[in-house]
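In Swiss-Prot this protein carries:
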type	residues	note
BINDING	ARG23, GLU82, LYS121, LYS442	(6S)-5-formyl-5,6,7,8-tetrahydrofolate binding site
BINDING	ASN227, SER246, ILE248, SER251	K(+) binding site
BINDING	227-232, 246-252, 271-274, 331-334	GTP binding site
BINDING	SER231, THR252	Mg(2+) binding site
DOMAIN	217-363	domain 'TrmE-type G'
Amino acid sequence: MDTKQTMFALATAPFNSAIHIIRLSGPDVYRIINQITNKEVKPLGMRIQRVWLIDHNQKKVDDVLLFKFVAPNSYTGEDLIEISCHGSMVIVNEIIGLLLKHGAVQAQPGEFTQRGYLNGKMSLNQAASVNNLVLSPNTTLKDVALNALAGQVDARLEPLVEKLGQLVMQMEVNLDYPEYTDEQRELVTMNQAVVQITQILNQIVVGQDQLQRLKDPFKIAIIGNTNVGKSSLLNALLDQDKAIVSAIKGSTRDIVEGDFALNGHFVKILDTAGIRQHQSALEKAGIQKTFGAIKTANLVIYLLDARQPEPDPKIIARLKKLKKDFFLVHNKADLVQQSFQVSISAKQKQIQPLVDLLTQYLHQFYSVEQNQLYLISDWQTILLQKAIAELEHFLIKQQNCLFFDILVVHLRAAHEYILQVLGKNTNYDLINEIFKHFCLGK
């Protein structure tokens, strides 16, 4: 990455829409912008300026708004202008052509945030949280990313790295002046501090197992006999005709998927082949896919016909063997007088009892410990696990070893790993690995 270059990127999705935003950042922002506008644009004065963009023949390209951010008070820490133009991709491509012609270069994924990090506008954890925030599939992970963006990770780890640094310094002083050192007493004090730091780091790392399962889409598999209304339920949940609804038994032989949002959580729902005893070869293949979908699902909706409300005990046994949570839902409730615990009419789109139950389940599934610090990125967890391993080596060795020059190696290594989590002493390979997963314009 060459920070001497002025970069640009389309910050909005690349298709026709109401407006588009093109970001321009770097040392030559005002030189470039003044070559393609009908009036002078200065870093002082109005922060929002309306101008015409023009080409080399003075032909008008678009009527735009320029949002000006003057260094160092910008996202990147550089001079930055956001061009708000009309939403045609024809206009966007013309503007990009003008920027390229006058010396701007296409930004790499995550380069705006990376420059912000390098220019001291945010820590590495805050920078990484930006992408996690953009990609968060549910409100829980969104909140975790926002906490990191607010500096929660740095605030929790900085006292630990400071304490470790003091311990390393203390051991190095003792190595230089051994005649003034009571090694046994020093080690007792250090041992207490290292135990405390290790416990805190372990608490942080343990929480990642809970968070990991929330990163994948929540999957619901709809299963049941043929012609019980599974496709109608899928369509009712999606509020669109995604699956073919037919009175012919065995119509669905492949898995039909659909995505919908429920109370801030994205859900992937799978409509599966109907299960019955007498099947054609094609239906048997479809049923195998059904059981495959059950294995990958977080939750199973076992749909029953309210006129034949008893579930198949073999299917119930299989669900329990797989340790799958499941709901027994009685469909076609409009055709009977009897009321069940969860009764719906998918065809009539009367599914609110099921929606309420799903909402309650999702709330419980996505609930996390409020006071727990969560690291949303795997690289953070890996580095902390390495730090913990070094601290544990220290605790084991200090029981039988009084040589500070051996023990201090482990404290230095642990200190270094936590510094890397904080974005200090971080190698460029890790930095590039973090930012390459960002989207363009961020």
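Every residue gets a Cβ built from N, Cα and C, even glycine.
Counting other CB atoms no more than 10 Å from each candidate's CB, the binding-site residues ARG23, LYS121, LYS332, LYS442 peak at ARG23. Model confidence over the domain 'TrmE-type G' (217-363) is summarised by a mean pLDDT of 79. Under DSSP, LYS332 (GTP binding site) is assigned to coil, being neither helix nor strand in the three-state scheme. Sorted by the number of other CB atoms within 10 A, the binding-site residues ASN227, SER231 start with ASN227, the lowest. Here the CA atom of LYS230 (GTP binding site) lies 52 Å from the CA atom of LYS121 ((6S)-5-formyl-5,6,7,8-tetrahydrofolate binding site). Cα separation, ALA273 (GTP binding site) to GLU82 ((6S)-5-formyl-5,6,7,8-tetrahydrofolate binding site), rounded: 50 Å. Here the candidates are the binding-site residues ARG23, GLU82, LYS442, and by Cα distance the one nearest LYS230 (GTP binding site) turns out to be LYS442.
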